[in-house]
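Undergrad: Can you read through this structure? Questions will come right after.
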């Protein structure tokens with residue numbers, strides 16, 4: 001691995017981009033995840049790009065994966081009887097649906113009446129709302145288990161449980177057996193099951209041999225968005241094992257219990273699912289940046305660049321789930337998915353604050369076949385700034401640790417610690433800074449850089465349920481805009497509490513929540529007036545007639561140039 005990475009010696013601070021530019025894909029190896037990332041994937045210009053090819057879950061008819069399906073009846077004689085009719089499958093799914101639904105409608109009615117003051121909370125409702133001491137306490141017979149809005153299951157192709165979001169894997173083994181029966185039946189018919197829609201639920205299947213991932217959800221998310229979240233879980237498993245090791249294990253023993261290798265990592269996967277439930281980074285497929293003055297970020301990036309070592313590939317400074325700066329070797333690109341996995345690893349454990357950690361980590365979108373080694377440490381106890389140094393040499397701990405010391409020295413010389421501390425006190429900016437009346441919230445994503453910006457969530461979305469509702473509205477817009485059969489570029493949605501605007505183009509996308517008093521004509525008038533596709537500024541300037549709205553939206557919508565000037569989201573990567 002080190003030899004491949006060091007073919008390009010130079011270090012550089014990428015110009016506001018996590019992904020390579022156009023025209024770099026000619027020499028790339030085939031990606032292990034075809035069709036997942038929008039645009040060009042990382043690793044596209046690397047010499048000897050370190051990708052291991054795997055097939056997508058739709059491809060179940062190849063000689064290897066479809067071997068069982070291709071066997072003749074004579075060859076299968078003597079084996080256990082397989083499912084032979086869709087009636088049996090329908091019966092199995094009916095049992096699964098009954099387990100998941102149960103008393104859900106009655107319980108929802110109880111909760112509604114309780115909110116209206118018509119009913120005192122029952123003991124079951126109190127139990128649902130309480131935080132259980134461990135997920136093993138829940139099983140399919142409990143109301144609390146049934147009331148979760150989304151379940152996630154991971155199992156092997158042999159039907160062995162690997163992970164469940166709620167409840168113990170042993171207690172859910174029969175449920176997972178039904179899921180695997182559905183997959184196996186359609187595979188025998190040389191087909192692939194992708195989703196089931198019934199009783200208000202979406203049951204989404206993702207096949208990534210040798211694993212099968214299943215989500216059962218009753219949310220606003222589309223089938224594609226749920227499948228995308230399942231892929232995150234798959235990549236999370238790869239980050240702990242690597243694709244090579246995972247396949248080798250199941251080639252040696254098809255019914256291997258993978259929980260033996262993943263023991264203790266459940267909290268990392270749980271934390272990832274919690275993040276995906278409230279952080280729009282995963283929906284956008286982009287990374288949020290810490291608001292920081294351009295001069296301060298320049299000083300941080302330069303200090304990272306100067307504190308380098310031969311084995312270092314990436315140097316990353318982050319605060320919480322926000323990126324402060326990233327420096328990389330030339331032609332080595334880090335995908336937002338890999339960054340999200342790194343952020344999740346750090347946020348899932350407080351032990352990294354105790355000292356300097358040295359841990360193996362696979363970056364599946366960069367190279368799914370091997371491990372890097374990550375040096376993880378916080379700069380100071382009182383500062384929420386974590387330094388992540390990714391190395392190719394497992395024996396290079398002390399050299400990489402010295403890079404941290406040199407980085408801190410350069411920060412002190414440049415006198416930027418105070419500015420960093422001030423930025424950490426206000427990690428989000430207010431929507432009022434944009435200067436547009438009736439604007440409640442927005443998300444602006446630059447597709448070319450893989451970055452996005454959004455203000456702090458404020459009134460009327462202060463309560464946790466209101467924040468979840470806002471994210472659900474964005475999920476609805478996103479699913480409509482990226483519908484595989486009928487994608488939309490412009491959406492104006494009028495709701496009882498707010499109006500929503502989505503504007504999607506090749507270079508950027510904007511998702512806006514407005515007061516319900518804003519008229520449709522004011523929001524989209526520029527489109528009708530010009531008759532051509534307007535710039536983001538033109539669309540958003542039509543929302544308000546206030547004089548400073550023009551300046552405000554220019555600062556957000558133009559992107560890199562204005563955002564650098566305003567110091568809201570300038571990232572010198």
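Cβ coordinates come from backbone N, Cα and C, glycine included.
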Undergrad: Which stretch does TrEMBL mark as region 'Disordered', out of 110-135, 136-161?
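TA: Spelled out, TrEMBL records region 'Disordered' over residues 110-135, not the other listed ranges.
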Undergrad: Give the residue counts of the domain 'FUZ/MON1/HPS1 third Longin' (438-518) per reduced DSSP state, in the order helix, strand, coil.
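TA: Counts, helix then strand then coil: 18 helix, 31 strand, 32 coil.
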Undergrad: Across the domain 'FUZ/MON1/HPS1 first Longin' (150-272), what are the DSSP residue counts per state (helix, strand, coil)?
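TA: The breakdown for the domain 'FUZ/MON1/HPS1 first Longin' (150-272) reads 56 helix, 30 strand, 37 coil.
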